[in-house]
Amino acid sequence: MSQHSAGIKEAEVAGTLFLFADPDEVKSRRKNWREILRRKCCFIRNYFHKEDPEDKRKSLVKKNGSYRVYMAGLNQHKRRYLADLYVTLIDLEWRYAMAVVFNVFLVSFLLFAVFWWLMAYNNGDFDNLNNPNHDFCLLGVTSFAGAILFSLETQTTIGYGMAYPNASCAATLPLMYLQVVLGFFVETFMLGLIFVKIARPKYRANTILFSKKAIINLENGQLVLQIRLGDLRKSHLVDASITGMIIRRHSTPEGAYYPLYQFNCDFTANGMGDKVFLLWPVILTHIIDKESPLYDIRPPDLSSEKFELILYLTGTVESTGETCQARTSYIPKEVLWGHRFERIEEYDIGHSRWHIDFAGFDDVVYCQNIRHSAKELDAIKESGTDHRGSDLSLAEGATSLTALRYDLTSKSTMYDHVTVPRSPRKERPY
């Protein structure tokens, strides 16, 4: 390959966005001038700025559900945002939304203050302040600052009583009518904006919990991917359903390449299909079969594979009737192989009710030493190989097992080797 063609190929790679690309694959990228200025000049901000852990994950979706996708080249589409102005204002961050509210009121006050001042100026009010025989249009207004105060009192219907208009002036009634009506619309619009931002159903997702880790284990003879889901509120989502997808690279035999290809990843909540009833935390299960995008992934592949699992929980807020969606994502290093979620449901005999301990919501226990992918396990089953007593399953008749417990609530992983007796479980009363 010539140096010229190699340079062209490097330029093409540098100009392409690969979210899951290795650091060596992208040698140079176009940087935003604001980012460069912030890194070089704003050393004080960098000193107090805390590093975002999401920057290390390099994911499409953050753990809290917000997206980490930067869209460029939107300058030619700005008019489309103005065509949907109300939703654009609702989507603004709070600091920008409050700045819009303050500036809209300020502009309306100043605009009508100019109109009132022009009316008084054309009538000669400011030239005849000491003339008792002059017929003033605005009594008690002697300057532009007074006109601003009069405009504010008129639009907000405060009325301190020191300044008032003269109905004998022809422009008084139309101007006051116009300011009162337009001021009413401005106040209604701004109040609706603030109310909708406060009552947005997306904030309901803050009380929906996804487990910090996803786990893979053998269940009912099949390799499954499991995630724990819970709701902190007693008013639960109505008609909730779960949807999952895996983002991986994909190429076709014809040479088409998709760096962010979406693969369907079906989840079921116990035996209810994709319907989720969050009366208590449930385990979402994805069966890794031939239709699963994880069918050929082995445990060692988690350190080299680049994919992202994204989950969407969609339901209706019971108290408001609005649709809410909670999202989260998992990258390969957040998938634990051969683990199981620790049980957090216990029956409280003293109070005669079930007790859910959310303190152990993220706790998992090592239970199986699985070294194969689902594809390899199916091949073993089809070949008729007897793998009893091997590493694929726990040996029958074992009196104990060594559980490796992970405390996921702490920053570091804690290893606590405990011996769990394999005695028959006693039936608990319901």
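Here the Cβ of each residue, glycine as well, is placed from N, Cα and C on the backbone.
The feature domain 'Potassium channel inwardly rectifying transmembrane' is assigned by TrEMBL to 61-201.
Residues annotated as transmembrane segment in TrEMBL: 96-119 (among others).
Away from its own ends, the transmembrane segment (175-196) comes close to residues 86, 89-90, 97, 100-101, 104-105, 108, 112, 115-116, 119, 151, 154-157, 165 of its chain (Cβ-Cβ under 8 Å, at least six residues beyond either end). The transmembrane segment annotation in TrEMBL covers 175-196 (among others).
According to TrEMBL, the feature domain 'Inward rectifier potassium channel C-terminal' maps to 208-380.
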* Against which stretches of its own chain does the transmembrane segment (96-119) lie, if we need a Cβ under 8 Å and a gap of at least six residues from its ends? -> 89-90, 137-138, 141, 144, 147-148, 150-152, 154-155, 169, 171-172, 175, 179, 182-183, 186, 190, 193-194, 197
* Taking the domain 'Inward rectifier potassium channel C-terminal' (208-380) alone, what is its mean pLDDT? -> 91
* Asked: So, by DSSP, how many helix, strand and coil residues make up the domain 'Potassium channel inwardly rectifying transmembrane' (61-201)?
  -> 85 helix, 6 strand, 50 coil
